[in-house]
Amino acid sequence: MAGGVIATGSGSEQDFPAKLTLQVFICTAIAAFGGLMFGYDIGISGGVTGMDDFLLKFFPNVYVKKNHAHENNYCKFDDEYLQLFTSSLYLAAIVASGGASLMCKKYGRKPTMQAASIFFFIGAILNVSAMNLPMLILGRLFLGAGVGCGNQAVPLFITEISPPKFRGGLNICFQLLITVGILVANCVNYFTSNIKNYGWRISLGGAAVPAVILLVGSFAIVETPTSLIERGKKEKGLKTLKRIRGVDDVQKEFEEMVRATEVANQIKHPFRELMKKPSIPPMICGTIIHVFQQFTGINVVMFYAPVLFQTMGFGSSASLLSAVITGTVNSLSTVIAIFTVDKAGRKKLLVFGALICMVAQCTIGVILKRYLTETSKVPNSIAKVVVLLICVYVNGFAWSWGPLGWLISSEVFPLETRTSGYFFAVATNMLCTFIIAQAFLSMLCHMRAYIYFFFAAWLIVMSIFVMAMLPETKGVPLDEMVERVWKKHWFWKSFFKSSDIERPKAMVQLEHQEKPNH
């Protein structure tokens, strides 16, 4: 049909007619700028921490160590305040994602994204005008509040407006914009590094641009039908559902949403509900995927790429250029996931991606153990090989653990615990990111090249977990996850036997109430 593609998940127990409409594309593209905000911050922080003017103003001790001829290569950037500059954002994000979870449920996904853009904008203004370290850290905390709200609302928003057949690819647009944000930040850093005295201010102030785009663009997008129905606006929810699906025959999907919403509204304490036995499978899988995502070691590369390259002996400009190269690979590789995740499925991409990352990490570790001593520089030809291997590693991550962590955790929770469960997923991601960001430079100083084998070991563990414990969610409608995914998994189905879950019991009652109307 003109104007879109009809989506029917093959083999589904219940398929809902839907087109991939222009409205969904526009909403996805605008919302995904929340990912660009996050990505820009990841890329920009590592770049400015390698700029001499920035270090002189805020971290003079690091500047002295960096430029000392005989300083240990692995320890030249080891400074707790420098690590706090990067990691403080993620502490704020943990707190903010809790508030954003409640805001998503009470006021909707769209206002939460608007709040994210406002917080991020304030943080950018504070950072660009920072005169001392406390003001700089305060700006990072506001940025963290923006990241927490955005990462809580955006993946849920995209997941809920997407037709089941295309949900994976559309949701990955969030991760794609994260990678684009990293790439843009690396490019900005490359050019501003040569601007004396205030180049770092331009880099940090650039964070305001995606925040403004998201804020302005948010007025052009719709609220999700699920959120509207959840807040008692059924007529508007039905109208919006027809609009985003591009067909009039949405009654079955609408009734499914209403039924799920009525069940969800019976749950007065969703956080308490997460502690019940039937909620444990999605809770474990939805959160541990984020632990694994961070312990692939990706943010070691993305946060500190310029620092790593300088550690190997690259000059400041060369290290930033190398970061631009890896950022480009990151963005282009994420596109692969958009076109494969709804065909190959989630599990295959995760396992193959982990294997590629593991081989690259081990090889980098072997090379640096051999060639990078405390005071020597890596030979130029070997350094280029390391950059190539980092690109291989980033490629493997970009179409697997990068996008699928956000996708899987946004689709595995039933509606009654979706915002609260997803809060724990986001908070777990931010906590692990904080731990890595705060500890990495010290770990690099003490573990040296062995740090790459540390992350490689984690990649083996996560591959085993995915193969044995993670169910496939490809093409399954959100409100059918319990019946078609968790209850059929060889291990997780045991969590539903003792009480046969309260959720289906409530749904059965609702179905009995509706029978006289047929």
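Any Cβ shown, glycine's included, is placed from N, Cα and C.
Feature list (source: TrEMBL):
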{"type": "DOMAIN", "residues": "27-474", "note": "domain 'Major facilitator superfamily (MFS) profile'"}
{"type": "TRANSMEM", "residues": "20-40", "note": "transmembrane segment"}
{"type": "TRANSMEM", "residues": "81-103", "note": "transmembrane segment"}
{"type": "TRANSMEM", "residues": "115-131", "note": "transmembrane segment"}
{"type": "TRANSMEM", "residues": "170-192", "note": "transmembrane segment"}
{"type": "TRANSMEM", "residues": "198-222", "note": "transmembrane segment"}
{"type": "TRANSMEM", "residues": "283-305", "note": "transmembrane segment"}
{"type": "TRANSMEM", "residues": "317-342", "note": "transmembrane segment"}
{"type": "TRANSMEM", "residues": "349-369", "note": "transmembrane segment"}
{"type": "TRANSMEM", "residues": "381-401", "note": "transmembrane segment"}
{"type": "TRANSMEM", "residues": "422-444", "note": "transmembrane segment"}
{"type": "TRANSMEM", "residues": "450-470", "note": "transmembrane segment"}
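Between the transmembrane segment (450-470) and the transmembrane segment (349-369), the number of CB pairs under 8 angstroms, six or more residues apart, is three or more, so the stretches are in contact. Note: the stretches the transmembrane segment (115-131) and the transmembrane segment (381-401) are not in contact (fewer than 3 CB pairs below 8 A, sequence gap of 6 or more). Fewer than three CB pairs closer than 8 A are found between the transmembrane segment (81-103) and the transmembrane segment (317-342), and contact between the two stretches is not assigned (pairs 6 or more residues apart).
For the transmembrane segment (349-369), the neighbouring stretch richest in Cβ pairs under 8 Å, chosen from 20-40, 170-192, 198-222, 381-401, 422-444, is 381-401. Contact check: the transmembrane segment (170-192) against the transmembrane segment (422-444) gives fewer than three Cβ pairs closer than 8 Å, residues 6 or more apart, which falls short of the contact criterion. Comparing 20-40, 198-222, 317-342 for CB pairs under 8 angstroms to the transmembrane segment (381-401), the maximum falls on 317-342. Counting same-chain residues at least six beyond the ends of the transmembrane segment (198-222), those with a Cβ under 8 angstroms from any Cβ of the stretch are 23, 26-27, 30-31, 33-34, 36-37, 40-41, 44, 47-48, 51, 53-54, 110, 113-114, 116-118, 120-121, 123-125, 127-130, 139, 143, 146, 150, 161, 181, 184-185, 188-189, 192, 240, 243-244.
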